[in-house]
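For 1-21, the entry in Swiss-Prot reads signal peptide. Annotation source Swiss-Prot lists domain 'CBM1' at 22-57. Sequence annotations record features per position, and here Swiss-Prot assigns pyrrolidone carboxylic acid to Q22 based on experimental evidence. According to Swiss-Prot, the feature region 'Linker' maps to 58-91, an assignment based on a curator's inference. Residues or ranges marked as region 'Disordered' in Swiss-Prot: 63-91. Residues or ranges marked as region 'Catalytic' in Swiss-Prot: 92-418. Among the features that Swiss-Prot reports, disulfide bond is placed at C107-C113, C183-C190, C323-C359, C364-C414. Look at Swiss-Prot and you will find N124 tagged as N-linked glycosylation site. The active site, nucleophile annotation in Swiss-Prot covers E350 and rests on experimental evidence.
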Amino acid sequence: MNKSVAPLLLAASILYGGAVAQQTVWGQCGGIGWSGPTNCAPGSACSTLNPYYAQCIPGATTITTSTRPPSGPTTTTRATSTSSSTPPTSSGVRFAGVNIAGFDFGCTTDGTCVTSKVYPPLKNFTGSNNYPDGIGQMQHFVNEDGMTIFRLPVGWQYLVNNNLGGNLDSTSISKYDQLVQGCLSLGAYCIVDIHNYARWNGGIIGQGGPTNAQFTSLWSQLASKYASQSRVWFGIMNEPHDVNINTWAATVQEVVTAIRNAGATSQFISLPGNDWQSAGAFISDGSAAALSQVTNPDGSTTNLIFDVHKYLDSDNSGTHAECTTNNIDGAFSPLATWLRQNNRQAILTETGGGNVQSCIQDMCQQIQYLNQNSDVYLGYVGWGAGSFDSTYVLTETPTSSGNSWTDTSLVSSCLARK
């Protein structure tokens, strides 16, 4: 529901016949510290996502599930949609996690990556144990928050030591591989994400910049290295933008073929569209149609997953602390319909907001919708943790004290799974 009309509807419900105040559909109805309405509008029910947040879900019945309060486990209720357009699911999405950033630091949207600005989330990167502890963060996210997937962004230039089309640099790949192996050791899925915006130093891959052969060389080497690791997920490219989508789809096809031919025959590969991978533009900008033609060498689309991003601020940039939308009506609902019609799946590999109440409300609503539609949405990965510190507007980096970690409010309220 449009937030601008929600206060008017709420006021009307109070004035009309002296009725008890009711929360509107998708509005917050409970949680630790909540002092607003706890009764939901007719046709919806209050659903507890976790101890910090509950919301009014339309057309709901209740089922029992387990959530994690600050001091230990408890039993609460979670609402599940019974609408035929959004098939109910009690288990939610398969994958939930966070980006562990740092190897991508220094990369800008024109595909320039200054390797001297890389800030790896490896505690012992220089042997002095004073770098961010990305592996420790992942261990916390798995053990305390029930997370199952991590995206590990890295710049193309870093991996090949600025040698376009060259071999993986032995020093660089060994450092990056420490993060990958740390992720794998936790039993999680690990997304290798090339964070170059479909570019190298300003030139678009396969469109006047690096050749497809130079790009597939990178992916052939990475796929060969991780071919035996079933939980390594290949994220072809971060946020392509301003590309010819049909030409880009042809590039993606070459990469998929190269990965499979390198021996990584069954792992997940995520296919990114145009317009910064926007979930809201995936259909309208032609990405869905173009990338639907990408196949494995045998002609199947098994484990080829559409890769989308969506932030919750006013301009979808992920640069503002406050959130203004839950992205359901404008992005995830129409995309879910298209995915079902075409028997495909997608994963949300970047989403985030500030650690403020507006984002807790909107993000929890967005995550709840993805969980209710897990037949087409495989999961979500928040942005971001790793080498981000507490001053970053979208930080999801937990703070450590001794052997314990404390999550940000957005993670504990919305992204955590237990």
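Positions of Cβ are set from backbone N, Cα and C atoms, glycine also.
The shown structure was predicted, so the numbers you read here are calculated from the model rather than taken from an experiment.
In the predicted model, the region 'Catalytic' (92-418) shows an average pLDDT of 98. For C113 (disulfide bond), the nearest of the recorded positions by C-alpha distance turns out to be E350; the candidates were Q22, N124, E350, C359, C364. Take the Cα of the residue listed as 'N-linked glycosylation site' and measure to each of the recorded positions Q22, E350, C359, C414: the nearest one is E350.
In terms of C-alpha distance, the listed disulfide-bonded residues C183, C359, C364, C414 place C183 closest to C107 (disulfide bond). Ranking the recorded positions Q22, E350, C359, C364, C414 by Cα distance from C183 (disulfide bond) puts E350 first. Cα to Cα, C323 (disulfide bond) and C414 (disulfide bond) are separated by 14 Å. The distance from the Cα of C190 (disulfide bond) to the Cα of E350 (active site, nucleophile) comes to 14 Å. Every protein chain shown contributes to the tally, and the Cβ of C190 (disulfide bond) ends up with 26 other Cβ atoms within 10 Å. Taking each of the recorded positions Q22, N124 in turn and counting other Cβ atoms within 10 Å of its Cβ gives the largest count for Q22. Here the CA atom of C414 (disulfide bond) lies 14 Å from the CA atom of E350 (active site, nucleophile).
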